[in-house]
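Peer 1: There's a structure below that I have some questions on.
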Amino acid sequence: MKSIWTICSNKYSLEVSMEMNSSALCALIIVLLAFDLKIISAAETGGNSTVPILPKAGQCPRLLNVVPSHKGCFCDEDCPGDDKCCVFDCGAVCVPPAFTKPGMCPRRRWGSGMCAEFCSNDSDCPNDEKCCHNGCGHECIAPYTVKPGRCALPKGTPMCAEYCYHDGQCPEEQKCCRTTCGHACSEPCS
């Protein structure tokens with residue numbers, strides 16, 4: 001059997017015969033590459049190839065406002081420490097993650113705030129404040145408390161007023177729920 005091509009690697013050697021057609025040759029190369037990647041993956045995980053690669057904690061920031069620690073990443077594992085692989089206009093880069101703080105941004109009562117970006121995510125804000133949309137830009141604002149449970153569908157209540165703006169303004173377990181034309185405190189439903 002005459003060989004026209006020998007595929008060599010430090011892991012295996014294979015001779016491809018002249019009788020093999022090109023589509024079978026391509027399929028064989030793909031299988032061997034996949035096998036090679038599995039061997040590399042197993043070597044990197046200490047022989048345990050069942051260890052899943054999970055994304056790192058946090059989310060990608062909305063805006064790139066730091067110098068990336070690494071450029072040209074494909075996944076979080078390519079990034080040092082806790083940095084995440086995030087895609088921006090300049091491509092994929094490693095940056096510190098953004099974390100979402102608990103609570104809810106307040107509803108805007110009227111108009112819009114300043115048209116400036118004072119923050120891009122909750123991580124930019126001090127203490128418990130969240131980065132909230134103010135109608136035009138984003139700014140750090142103290143969050144509203146969100147109590148467990150959910151509001152029932154509004155009934156034909158003739159209350160046309162804003163008796164509350166968030167759950168923290170309601171007594172005990174009550175939530176600030178929408179009425180037919182406003183908001184009022186009511187017992188949550190399960």
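Backbone N, Cα and C define each Cβ position, glycine as well.
Found this in TrEMBL, in case it helps:
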type: DOMAIN; residues: 53-97; note: domain 'WAP'
type: DOMAIN; residues: 98-144; note: domain 'WAP'
type: DOMAIN; residues: 145-189; note: domain 'WAP'
Peer 1: Per DSSP, what is the residue tally for the domain 'WAP' (53-97) in helix, strand and coil?
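Peer 2: DSSP composition of the domain 'WAP' (53-97): 3 helix, 13 strand, 29 coil.
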Peer 1: Along the domain 'WAP' (145-189), what average pLDDT does this model show?
Peer 2: 84
Peer 1: Using DSSP, what's the helix, strand and coil tally for the domain 'WAP' (98-144)?
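Peer 2: Helix/strand/coil tally for the domain 'WAP' (98-144): 3 helix, 12 strand, 32 coil.
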